[in-house]
Amino acid sequence: MLRQTAFRSMKLNRTPGRYFTTAENMDTGSSQSPPDTEQKMQPMDEFTKEFLKNQIKLTELQRVILSAGSSIAALVDPRRHDMIACLGETTGVPALENIRDQMRNSDEGRQILEDKPRINTRTVNMDALKKLPENTFGYQYVSFMEKYEITPDSRMEVKFMDDPELAYVMTRYRETHDLVHTVFGMPTNMLGEVAIKWVEAINIGLPMCYGGAIFGAFRLRPKQRQNYLQRYLPWALRAGQRARPLMCVYWEKRWEQDIEELRKELNIEVLKVD
């Protein structure tokens, strides 16, 4: 079974979803292990190794203090994405456990948890996606990223969690955020961000998504707020509820898929924006 344990060589496979780095052979660090050890020991995947190397362990008191501090900072300045990310790690464990269970109960979700794919410029061949037909999800994703001058490398690493698998679920949420924007056809302006936060809140269930949606709306200008209440909010609540569970979608296997077919498959409703 191929695991994404190392991303050493960029390889473009002409099958749907394989526009990312794969490891042909796993390097376990030794040529052979004793038979009993080999059966008992499972190789640690690359994500877990990297996470444990950078993990910052907290006591319960430290976690409470960090949660309170990041909450206040995020309320004072919703642009503090670092504080919002920190808040998500220190308060979102029950929701992440629910998401993980949902993924385990889905064939596609289980495969994601097993492979632990990453989305960044080291693992996704953006140039290859750019050469796909314009109607494909992969082409639309690259076009979205270029239009709004976004890089997939900008997502913060998860550091303050105890469980590596839950840390991956949080990482997966962060790294697929722009894919959600793409498939819902929603821009990255303030109105679009608040709307997508509502979609994610309803569909995924992370507390930080609810917080971002509620408090982000206070930053809207009066004219934007009217448009938000009349069009964007009703759409976001409806779209988040109707869509298939977004965390169970193996997006990387959909690069070559027609984006309208993908939307139909995932039951995604697109709002016509000005």
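A Cβ is built for glycine as well, from the same backbone N, Cα and C atoms used for every other residue.
Among Glu165, Glu193, only Glu193 appears in Swiss-Prot as part of the Zn(2+) site alongside His177, Asp178, His181.
Note: His181 (Zn(2+) binding site) has non-local neighbours Phe144, Pro187, Thr188, Gly192, Ile196, i.e. same-chain residues 6+ apart with C-beta under 8 A of its own C-beta.
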